Amino acid sequence: MTPTETFYEVMRRQGVTRRSFLKFCSLTATALGLGPAYTSEIAHAMETKPRTPVLWLHGLECTCCSESFIRSAHPLVKDVVLSMISLDYDDTLMAAAGHQAEAALADTIERYKGNYILAVEGNPPLNEDGMFCIIGGKPFVDQLRYAAKHAKAIISWGSCASHGCVQAARPNPTRATPVHQVITDKPIIKVPGCPPIAEVMTGVITYMLTFGKLPELDRTGRPKMFYSQRIHDKCYRRPHFDAGQFVESFDDEGARRGYCLYKVGCKGPTTYNACSTIRWNEGTSFPIQAGHGCIGCSEEGFWDKGSWYARLQDIHQFGIEANADQIGGTVAVGAAGAVAAHAAVSALKRAQTKRQTTTTTTPKEHV
């Protein structure tokens, strides 16, 4: 199996039928949110485009992005790693180690200059000349710059590479730095999350291989196809938010009924991600469905934004559960206040008019 083979050629060699291949393309189009009309375009790309070499680097991180990636169901990670791409370097997954691993990295960079994708998990620390993270006897930041020099594009996996994450939380003693602040001359796509959703990760790769370009990005560099909506927008608990039905404390009656978690710190209203639509573990669940509020892990600096259990802000709404007496009482108080204010303004105007009249009619003294 070589990088010059196409995905379809690899699939055929593995005994996959044409029908199964087209089914795969259809599922991929659906997973990317493109619809069935793009099935033929994806099939054509898989049949004609050679497998792209990918180098996957690891800096300061916990490897949760890799753990998420290997659990992708649409497409299956085995299809991505063994057929769609040529994963030439990943020190977590590859069999080679030491000098052999470093030789594989150098060989791919030399043979495919300008034609490989660099995926980065984790970030480089810059304090002490980068000595807080050593790969192959050298600072990781040096390996990053070396691999990025001839890369076609860079994918920043997870919040570590995209924003800095916990390593960059105050006071950030190692000066952990997001990839885009170190590499400034390459197209970079950010896929934040701690970790990102598996199907989001494989979906980004599939899109880039199919269309030969980065997906449309938002102003922060994230793919709009997965980060254009707040979790709150599609959350199944949203009707409870609109109704004013909230969990006041964990394990109260509202929690048992599945009410909105906003008051116990859910960051869904300010977090852009696909958790409430794609979900996790092959679409099984996501944190809010499990009873815990969103912590906003795909947003920049979420570690430094206060407690995960502090509400974002107070809200003032009746909610459809408010009864007529409550609403009527509130309206009556408001009306009474308005009448009092009107009376006060009228009294001031009368007093001002009286003073002006008195000044006008007073006779002048003779000198």
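Backbone N, Cα and C define each Cβ position, glycine as well.
According to Swiss-Prot, the protein has these features:
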| type | residues | note |
| --- | --- | --- |
| SIGNAL | 1-45 | signal peptide |
| BINDING | Cys62, Cys65, Cys160, Cys194 | [4Fe-4S] cluster 1 binding site |
| BINDING | His232, Cys235, Cys260, Cys266 | [4Fe-4S] cluster 2 binding site |
| BINDING | Cys275, Cys294, Cys297 | [3Fe-4S] cluster binding site |
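In terms of Cα distance, none of the binding-site residues chosen from Cys62, Cys194, Cys297 sits within 10 Å of Cys235 ([4Fe-4S] cluster 2 binding site). Neighbours of Cys297 ([3Fe-4S] cluster binding site) among the binding-site residues Cys62, Cys65, Cys194, His232, Cys260, Cys266, defined as a Cα within 10 Å of its Cα, are Cys194. Cβ neighbours of Cys65 ([4Fe-4S] cluster 1 binding site) (same chain, under 8 Å, six or more residues apart in sequence): Glu121, Trp157, Gly158, Cys160, Pro195, Pro196, Met201.
Here the Cα atom of Cys62 ([4Fe-4S] cluster 1 binding site) is found 28 Å from that of His232 ([4Fe-4S] cluster 2 binding site). Taking a C-beta cut-off of under 8 Å and a sequence gap of six or more, His232 ([4Fe-4S] cluster 2 binding site) has these contacts in its own chain: Arg238, Phe241, Gly268, Pro269, Thr270, Thr271, Ser276. Reduced to three states, the DSSP call for Cys297 ([3Fe-4S] cluster binding site) is coil. Listed in sequence order, the residues Ile231, Arg237, Arg238, Phe241, Leu261, Tyr262, Gly268, Pro269, Ile288, Gly293, Cys294 complete the 8 Å Cβ shell around the [4Fe-4S] cluster 2 site centroid, once His232, Cys235, Cys260, Cys266 themselves are left out.
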